[in-house]
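Right, one structure below, let's go through it.
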């Protein structure tokens, strides 16, 4: 491996979720913000709910127009 070309790896990076949960992982970033984690994701909680962040269909229609 070449020296001095790799990013600095942090062994204790804080990850904060929109639900308020925080945990520590290793990463090249100082802090990470996520919308879903294992504490609030429907797959892990067993809840039946739709997870659609920022409406993908609406984003598509805004970008390309509603031609239908």
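All residue numbers here begin at 1 and follow the chain in the order shown.
Cβ coordinates are placed from backbone N, Cα and C, and glycine is handled just like the others.
Residues or ranges marked as Zn(2+) binding site in Swiss-Prot: 17, 19, 37, 40. Following the DSSP three-state reduction, the secondary structure of residue 40 (Zn(2+) binding site) is coil.
Across the binding-site residues listed here (19, 37), the residue whose Cβ sits among the most other Cβ atoms within 10 Å is 37. Within 8 A of the CB centroid of the Zn(2+) site residues 17, 19, 37, 40, the other residues of that chain are 18, 20, 21, 34, 35, 36, 38, 39, 41.
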